[in-house]
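Below is one structure; the comments refer to it alone.
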Amino acid sequence: MQPTLAPAPHPSMQTSAQDHADQVLHDQLLAAHQHLSHPQQARPQGPTAQPPHMQPNTTSPRDQNNIDPAISGAAMLSGPPQTPPQPEPTGQESPKTYGKRPLSTSKRAAQNRAAQRAFRQRKESYIRKLEEQVKEFDNTNETMKQLQAENYQLREYIINLQSRLLDSQGEVPELPGNIDLNQPRNDISVPPPGAPAATGPAPGPGGAPQQMQVPNPGAATNEDMNSLNRIAVAGLGMRKHPNEEANFLGNNFQARRPRNDDGQPDGSEATKTEPGHGLPVVS
């Protein structure tokens, strides 16, 4: 018994199946192209219902009997439509992590720049402070050197003053400018001892001769000169040598004048005494 062959499919049916396969292939290529052009927009989605034209060709066994074996074999060989391999998504956190890293890096870089700027400012301020301290130290050093030099000068001046003071303690004070000791002194003229100092009236008869004392102008002149000599000696602050004073007194004055025959001293005679200081005093 020979098996009965299925009737040949109608040509219109073959054309429709071919168009359906072309449409499915075209949709698959278009979807793959869109997926490659927009990879970031791809999100894992659950299985969704495919449109009717993209669903696999599932026919009942009764319909398969009516399909041409050539067409059915090509369809079976082609198998279900396969989508091109899609890149596996790294997860939903990968875009967020990728978006956060540049932000974190920028913040860290900004913090580093701020820290470096603050460090430079502190370094510059510290350097300026050190420079000011160095200037103050230099000024203080110069002042100290000046004070040290002035101290040395004052020490030398004090030593010089001390040496001069020691030398001047044993010296005689200087004379005034209007006095010259080298100039010879003029001796005072005194009347000779034999000359009568004054003339008295003639003695009356029967009575002792009486002599009246008359002021002697020579004695007053001697007193004035002696006073001037004492003032000059006191002003000079120097004591005369005793021999010189004795010679001066011996040349200018006489100790006593001879008495008259009557035993009465002459009226012009002046009694002179020498005190302990060596200056003549007229009484």
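Numbering starts at 1 and runs along the chain as it is shown here.
Glycine is treated like the rest: Cβ placed from N, Cα and C.
Listed in Swiss-Prot for this protein:
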type	residues	note
COMPBIAS	1-10	compositional bias 'Pro residues'
COMPBIAS	26-42	compositional bias 'Low complexity'
COMPBIAS	55-67	compositional bias 'Polar residues'
COMPBIAS	108-118	compositional bias 'Low complexity'
DOMAIN	102-165	domain 'bZIP'
REGION	1-121	region 'Disordered'
REGION	103-126	region 'Basic motif'
REGION	130-161	region 'Leucine-zipper'
REGION	178-283	region 'Disordered'
Summarise the model confidence on the domain 'bZIP' (102-165) as a single mean pLDDT, whole number.
93
Counting by DSSP secondary structure, give me helix, strand and coil numbers for the region 'Leucine-zipper' (130-161).
32 helix, 0 strand, 0 coil
